[in-house]
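Visitor: In case it helps, TrEMBL gives these features for our protein:
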{"type": "DOMAIN", "residues": "291-460", "note": "domain 'Helicase ATP-binding'"}
{"type": "BINDING", "residues": "C523, C526, C563, C566", "note": "Zn(2+) 1 binding site"}
{"type": "BINDING", "residues": "C532, C535, C550, C553", "note": "Zn(2+) 2 binding site"}
{"type": "DOMAIN", "residues": "536-713", "note": "domain 'Helicase C-terminal'"}
Amino acid sequence: MYFVEVILPLSLSKTFTYRVSEAEYNYIKKGMRIAVPFGKTKIYTALAIGLHQDEPTLYEAKEIHQILDEMPIVTEIQITHWQWIASYYMCAIGDVYRGAMPSAFLLETETVISKKHDVFVLETDLSDEEFLVYDALLQQSSLKIQDISSILNKRNVFPIIQKMIDKNILVLDEEIIEEYKPKLVKYIRLSSEYDSNEGLALLLELLKNAKKQKDIVLSFFQLKALDKKPIAVKQLIEKSETSSSILKALVDKNIFEEYHIQEDRVSFDQNIKEKYLQLSVAQQNAFDGIKTSFQEKEVCLLHGVTSSGKTEIYIKLIEDYIKEGKQVLYLLPEIALTTQLVGRLTAYFGNQVAVFHSKYSNNERVEVWKQVLENSPKAKIVIGARSSLFLPFQDLGLVIIDEEHEQTFKQHDPAPRYHARDSAIVLANSHQSKVLLGSATPSLETYFNATNDKFGLVEITERFGNVMMPEIELVDLKDKYFRKKMKGHFSDTLLEQMAEALSLGEQIILFQNRRGYSPVLECLTCGHVPECPQCDVSLTYHKNKNQLRCHYCGYSMAKPTNCHQCSSVDLTTKGFGTEQIEMEIKELFPEKKVGRMDQDTTRGKYGYEKIIDSFKNREIDVLVGTQMLAKGLDFDNVSLVGIMNADNMLYHPDFRAFERSFQMMTQVSGRAGRSQKRGKVIIQTYNPNHNTIQQVTNNDYIGMYKEQLYDRHIFKYPPYYRLVKVTMKHRDFDKLKEGALWLYKVMNQHLDIPVLGPEEPVISRIRNEYIRTILIKIPTNKPLGSTKKTIQKILNSFEAVPQYRPIKVAVNVDFY
Ligand code: ADP
Ligand code: ZN
Ligand code: ZN
């Protein structure tokens, strides 16, 4: 008897055994998809991972329905890597498989499909069965695969559907197909010949008989004097009360020229392509350093200040690997950043660049998957967010992880809760390829590895092109409020700087990090925020219980009536958001355009890209936003960055709060003055002497690193301990409480390492489910594998208790 071992795309840890014929046994290869029956009526797309002749003892093996592939579409390296992810992150292999594959590869009985809009199908191109499906979808907008089964009177219709998806006739129902096109605003400028003081006189003479054309020229000079901003075609026509045909006449005479800011940047980049490949001395040294480090080590950290030109170093490095025919994976923390980067990379590598991310349609994702699998020249360089790590690389030479410190590299929900950086390092290992981590503010874990000889370390301390690091000025809010120098949330210092920048036609970024947690209690007189005596975090104010609580150890105290530091009774719950700031600016600078970038304004499709574009196009003068602003954007006209209130970031109840505050403030500051003029940053704070703020001001990463590392050691956090967070959820409060306590007690008994909890998290009920968490701290000198096995065993026995079985348990290894 012959069997195939498969993974099902369901949250199941086991693999399953199915019967195959001898011919099938000889045909199937690991990594092919196979349609199999599961349960009473369902069919799923399973993945073959082994062939054998051992009959399962616990159940009778069913027969497969059909082999779906002619060749493997998943490589053996991937299978091994996915198994590693399942084991390391303590999740089901089925979760990894399901999360890794584009859903068009995973047809199942319940999948809903529809006909693609506006496709023209020649009926003669379709087989009889395909025609029946096509015809049914003309009558009805969408169908379940199960329905098609009955139409065709056939159990397994996956191959037919798959073929029709490949032919671009059918699509899966939930798809986003819309494509993003950057909006291009047309601007107008004088030809260089007239762009001078004498230009106006010259033109007035030249155009003395063309009144309307003269009006345009006059209006242009008026607009130019008013503001140094680029002048849009539309704006000029409005101002001069003329028409586009008159303006066109002037363009034809070579007096004016039209341009797009975006295009302009690209063509500018292309013009300096030769120079570009010319790295600066600092960049060249870093490049050589990376190469040297790669001779000994697999991973290298490039720690380069903001705007040091890390991207150009990546480009140079990629070039070397491409020359050898290798594939390159370029991971970004945020898919909205791909638009910017793709432009930069395609300027060098042309159509060898492919993009892979979840906002792409299924068909596009399938296409990139196939290209990578075939090692096609069209996908030598893959840019993508964390999930591109799951692609079927054949010959991976290099992985670049830009902004490696970003927490978005860690997936929270659903499982697999993997960290893309760490998983990429493991993947690279199986390909014997290299990994370059880049950041101006590396994560503590990474810098720890880099200074402990695990990773190589290369640093750049200067910005590209002699641009100076921005000048950072601290504004003491306590003093400003006391001396009545505040308008709303703006200090006089910040307002003066804003007025100046705006008058010069420069743009401004204002940062306000407001998170959806209950606000902290803060003293209005001295700015003191109560902290937990046992942990390095601030306490959170809980209004309904009138309590201050620590979210890490459960410590709590009654809400104080006066400040523990200065005895003032002026205590307040602190918290204002981006929206309030936006409104204040509108009042303070009514003639200026304000934009806002936060979760509310970027929610829609491409919302993020649209805001970035209009800021780039200079339609927005002041951009207010949350941490989304900190993600490696390159704007060339921002001269001022304001941080509205540094304190609520610092006192966020999280052991990474100081590290993150440093990263965020440094990154946001880094958006200032990226061209010739030195940028300015104003940080408003109640605690100008706080170590973290001082470290930001002095650009002292090492100071921050050492201080935080010390605290992590004392308070038992990474990189000295690995954290495993167990989250339990149930609608019944008492049942959950009891179950969580049971789990905690058993863990505490069987693990001789710190187990904390069970804690009621800040948001202790979501969608009517109560939540409890347990935190396990595994010291790095303990064997990780066997500790996790013990944890898994305890979780299994928990599940075996009938009354606890309905409690949902999620395990998050190395949670962020
Ligand atoms: P980082 O990623 O380190 O913040 P970037 O790679 O975005 O910095 O570079 C900052 C700016 O300097 C960009 O506008 C980039 O085009 C420019 N730049 C960097 N290196 C070079 C180079 N070798 N030649 C020309 N321009 C460069
Ligand atoms: Zn006080
Ligand atoms: Zn505590």
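Cβ atoms are placed via backbone N, Cα and C, with glycine included.
TrEMBL annotations: computationally assigned, not manually curated.
Quantities reported herein were computed from a predicted structural model and do not represent experimental measurements.
How buried are the listed features, and what sits near them?
Guide: Sequence-distant neighbours of C566 (Zn(2+) 1 binding site) (same chain, 6+ apart, CB under 8 A from its CB) are C523, T525, C526, H528.
C550 (Zn(2+) 2 binding site): 21 other CB atoms within 10 A of its CB, across all protein chains.
Mean predicted confidence for the domain 'Helicase C-terminal' (536-713): the pLDDT average there is 85.
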Visitor: If you count Cβ atoms within 10 Å of the Cβ of C563 (Zn(2+) 1 binding site), leaving out that atom itself, what do you get?
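Guide: Other Cβ atoms found within 10 Å: 21.
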Visitor: Taking the binding-site residues C523, C532, C550, C566, which residues show a Cβ-atom distance to ligand 2 below 6 Å?
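Guide: Result: C523, C566.
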Visitor: Sorry to bug you, but what's the C-alpha spacing from C563 (Zn(2+) 1 binding site) to C550 (Zn(2+) 2 binding site), rounded to the closest Å?
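Guide: So the Cα of C563 (Zn(2+) 1 binding site) lies 18 Å away from that of C550 (Zn(2+) 2 binding site).
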Visitor: Which one is it: of the binding-site residues C523, C526, C532, which Cβ has the fewest other Cβ atoms within 10 Å in this structure?
Guide: C526
Visitor: What other residues of the same chain, not counting C523, C526, C563, C566, have a CB atom within 8 A of the CB centroid of the Zn(2+) 1 site?
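Guide: Once C523, C526, C563, C566 are set aside, the remaining close residues are L524, T525, G527, H528, N562, H564, Q565, S567, S568, D570.
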Visitor: Please report the distance from the Cα of C532 (Zn(2+) 2 binding site) to the Cα of C563 (Zn(2+) 1 binding site), rounded to the nearest angstrom.
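Guide: Their Cα atoms are separated by 15 Å.
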Visitor: When you measure from each Cβ to the nearest atom of ligand 3, which of the binding-site residues C526, C532, C550, C566 fall under 6 angstroms?
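Guide: List returned for ligand 3: C532, C550.
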